[in-house]
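S.K.: Provided herewith is a single structure, encoded as structure tokens, for subsequent inquiry.
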There are 2 protein chains.
Amino acid sequence: MTERMPDFDGGRHGHLVIVGGHEDHENSKEILSRFVQLSGGQGAAIAVITAASRVPDKMWERYDVAFREIGVREVIRVDLPDRATANDPALAVRVRACTGIWMTGGDQKRLLAMIGGTLLDEAMHAALKESGACIGGTSAGASAMCGHMLADGKADLLPEKGSVSLGAGLGFVQRVVIDQHFSERHRLARLLTIVAQNPYLLGVGIDEDTALVVERGVGIEVIGAGSVTVVDGRTMISDVADISTGGTPQLIDVRLHLLPAGSSFALSGEIDHPHQLPPGATHTTPAPLLDFVRNVTKRTSLS
Amino acid sequence: MTERMPDFDGGRHGHLVIVGGHEDHENSKEILSRFVQLSGGQGAAIAVITAASRVPDKMWERYDVAFREIGVREVIRVDLPDRATANDPALAVRVRACTGIWMTGGDQKRLLAMIGGTLLDEAMHAALKESGACIGGTSAGASAMCGHMLADGKADLLPEKGSVSLGAGLGFVQRVVIDQHFSERHRLARLLTIVAQNPYLLGVGIDEDTALVVERGVGIEVIGAGSVTVVDGRTMISDVADISTGGTPQLIDVRLHLLPAGSSFALSGEIDHPHQLPPGATHTTPAPLLDFVRNVTKRTSLS
């Protein structure tokens, strides 16, 4: 397979654009435009994977139109009627050559059942890690980015032991679990349920029309209309192991971070921070956020 | 004024029963029964203050029936058509002699406008602090317990600078701000708005049919159907002072505690903890909760 080395800005590290669903695709297109920019701009070759959705034609049309309106000339439909197709070597070569790969919403379990562990999955990782491609996903496509993926279940008002299950995700980020439509669907209780039972995972809730933009090895940024919420249960005191299924765990000292659009944090100080610092100043990530930024920006080699 | 020293269990310290609204008043009556017990049981003399409500007759009837069904023989209606009535010395003497004082829901601003700083207000404090009476309040009556009272405003999905205002409350607890109907009305964003702008105050969210029971100088307990959420912003990193009104503040390292019904914490180890400890064991309050428990149990003299 011939490697295609993109020459767009910053692309050498590889980016993730992790979107909380319902991103604007008709007007400002702020998030989709950023995804295109990080994929190489008008010269990008963008693959659209609609496998999460039960209405893939509608999803394809939406993003084909939006990306072309932004100016992308090469938008490629990755149609996956079955898992065998995701193991088609010719398809994998096409996706491997793309500079941007977009995963639509739908059901992350469906997406993983279709592509998890296939040649297509490998091609996506290679594109990101060896060629610095940009991987974007919205809603189900965002949750699917994690190694441990929020798969199923809900906790409406309070955390509820055993009510939410994890599955094996695509693993573009590790040691985090991502939920989407976060503030709009009041999903803190669901995220706390996961974190209570899996304190190893940092919980990340992304609002609608909001993206966590990750430059691997460098830093993160929040763009769009809402916020990214991070819950860190690593030092909490909890009785979750002792209570019955269905019970509400006692949680003491969960750390919560709210990062509105405009927030940005660099591992080594190279990103401006529009909120707290004067123009032109640089900063490093505050200590309470450091592991979160490290986890999502971590550059791992192909396994 | 002759002091009436109650002889009921534990009453020497004085209790607060702070309820998140919609407590059961027809079936189990768990919370109202606890309030009655802490007020002296069947021998209690309970005053019902309906001033927060615009339908005081309905409120009076509800609690008169409920308290009598629990077995209380002396239930006293405190009718406050105006502020002058709250300054009636004869009324103050009657309330001062009560072993339990209950504040209904409604609007905490209305309640404070009617009784804040009056002889009735003084009588309530004296009953609690000098005679060990029990002060209970639900919904508006819960928020009104604080020195700095959540008065007005909302933040639906995300914290919003300037959207929530404080007022002067009754001051039975200091350095905390209490919100109610907490999980049911998804009020974390509203509570974070207050805490972001007033990190001195610990935010306390109480669910419906749930009570934070405080024994002054001793400890706390959560009873009922839901949980009590505490948000502690004292060590957070925030840009709230620099952003515009209406903006979402960046909040890093807010401490969050979720205390479901059954949680109990003693300042000096005398209360059992049903979740974490074997039967009969005692414990003290974990360090991250210590200031919260200290603030709400603090015994202050009459000012």
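One-based numbering along the chain as shown.
Keep in mind that glycine also has a Cβ here, set from the backbone N, Cα and C atoms.
Heads up, here are the entries from TrEMBL:
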ACT_SITE  A:S139  active site, charge relay system
ACT_SITE  A:H181  active site, charge relay system
ACT_SITE  A:E208  active site, charge relay system
S.K.: How many other Cβ atoms sit within 10 Å of the Cβ of A:H181 (active site, charge relay system)?
M.R.: 20
S.K.: Just to verify a number: CA distance, A:E208 (active site, charge relay system) to A:H181 (active site, charge relay system), in angstrom, no decimals.
M.R.: 5
S.K.: Per DSSP, to which secondary structure element type does A:H181 (active site, charge relay system) belong, with helix, strand and coil as the options?
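M.R.: Once the DSSP labels are grouped into three classes, A:H181 (active site, charge relay system) ends up as coil.
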S.K.: Under 8 Å Cβ-Cβ from A:S139 (active site, charge relay system), six or more apart in the same chain: what's there?
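M.R.: Listed in sequence order, they are A:V19, A:G20, A:G21, A:H22, A:A52, A:T104, A:G105, A:G106, A:Q180, A:H181.
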S.K.: Using DSSP with the three-state reduction, classify A:S139 (active site, charge relay system) as helix, strand or coil.
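M.R.: In the DSSP reduction, A:S139 (active site, charge relay system) maps to coil.
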S.K.: Around the C-beta of A:E208 (active site, charge relay system), how many further C-beta atoms are within 10 angstroms, looking at every protein chain?
M.R.: 22
